[in-house]
Amino acid sequence: MAYVLIFSRLFPFSHRLRGTSICLLSLFLSFLCYCALFPGGAVMQKSGDPTPSCLQADGAKRRLQKSPSCLFPPDARKSSAADEAPQADLRRSAAGRTGRENTPSPPMSHLKFGNKKLPNAIIVGVKKGGTRAVLEFIRIHPDVRAAGTETHFFDRNYDRGLEWYRGLMPRTLESQITMEKTPSYFVTKETPHRISAMSQETKLIVVVRDPVTRAISDYTQTLSKTPDLPSFQDLAFRNQSLGIVDVSWNAIRIGLYALHLENWLRHFPLAQIHFVSGERLITDPAGELARVQDFLGLKRIVTDKHFYFNRTKGFPCLKKPESSGSPRCLGKSKGRTHVQIDRDAIEQLRDFYRPYNVKFYEMFVPLEIPADQIADFLTKGRDSGE
């Protein structure tokens with residue numbers, strides 16, 4: 001009506017117009033004003049459509065493109081809205097809980113997954129003794145969590161600090177044991193002191209094997225990676241005709257179990273070290289794992305029902321869990337066929353290792369531990385002179 005009054009003032013003859021004409025004229029003037037205020041023909045969205053319309057003519061393009069809702073296609077906007085909806089619900093729910101409670105809730109990670117702790121037990125050796133098998137077998141126990149890879153903290157990464165080491169561990173509950181395995185620890189001089197400095201309560205597991213067989217296995221693995229490696233005899237002996245063994249070769253030095261154990265006993269009591277027989281781990285994995293579980297203070301859950309013998313690999317494998325379609329065997333590098341070594345060289349090495357094996361056995365006499373509970377090769381060495 002304001003337009004009609006203005007029009008009547010400007011055009012005196014307007015009193016002659018009928019009421020209908022005046023209404024039409026008023027609508028026409030309103031349209032002209034609308035076009036002046038909203039140039040470019042922007043299309044208004046329907047009130048029932050929750051998504052802002054992005055249809056515009058050229059004149060309105062600059063203004064509408066500034067809206068975030070017009071920067072993405074309709075499908076992307078729908079997806080974004082759908083993703084934000086549950087997040088908004090969570091925020092509202094969290095706000096409601098905050099209003100109802102006076103104290104903050106503990107982090108969800110602590111409630112669901114536990115904490116990262118320094119290990120309670122460590123498999124410290126020996127290389128090519130069966131350490132990976134022991135770790136894979138014991139970690140199926142529900143009360144055991146283990147780091148998946150060798151950390152090499154106490155021999156190569158010690159300067160990174162304990163918090164870095166803790167960060168490599170899996171999250172565990174208070175009732176669970178944290179474990180890791182790095183076989184080179186057993187032969188590294190500084191490692192016993194460093195582990196003791198971390199915790200004198202740490203339980204240690206050592207997997208031992210006939211040192212001659214272990215050396216051949218070690219050489220076989222290295223040869224698979226370095227085909228141009230010298231022969232086993234060239235590396236093992238300084239002078240084979242005289243039977244002089246080269247103890248500087250790492251594959252030979254690792255098998256001097258008694259010397260390495262002396263270093264560990266300066267920092268840990270023998271009762272805190274458990275020895276697994278690498279030979280019996282193949283023939284009776286359930287029996288060896290039973291003793292490991294006893295040593296760790298765990299209920300005997302890993303039993304013979306978990307294993308079957310893989311004749312192709314010549315090694316025990318874990319039976320497939322209900323959630324898996326196939327059994328779990330160790331990798332291709334486990335159970336590989338050893339290179340053939342001259343029989344005379346093997347006998348020379350057995351003669352070399354015999355006094356060290358006897359000394360290793362005698363270390364267990366005060367604990368009244370039968371030799372056959374430590375390693376089969378110790379019993380063979382005493383009874384048959386091999």
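Just so you know, glycine gets a Cβ as well, placed from its N, Cα and C.
Unlike curated entries, TrEMBL annotations are predicted automatically.
Keep in mind that what you see is a predicted model, and the values were worked out from it rather than measured.
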Among CYS70, CYS329, cysteine joined to CYS317 by disulfide in TrEMBL: CYS329
Count of other CB atoms lying within 10 Å of the CB belonging to CYS317 (disulfide bond): 23
Integer Cα-Cα distance in angstrom, CYS317 (disulfide bond) to SER217 (3'-phosphoadenylyl sulfate binding site): 19
Alpha-carbon spacing, ARG132 (3'-phosphoadenylyl sulfate binding site) to CYS329 (disulfide bond), which is rounded to whole Å: 11
Among SER217, CYS329, THR337, which are recorded as recorded positions, the nearest neighbour of LYS128 (active site, for sulfotransferase activity) by Cα: SER217
Winner by Cβ contact number (other Cβ atoms within 10 Å) across the binding-site residues SER217, THR337: SER217
Within the predicted model, mean pLDDT of the domain 'Sulfotransferase' (120-354): 93
Greatest C-beta neighbour count within 10 angstroms, which of the recorded positions LYS128, ARG132: LYS128
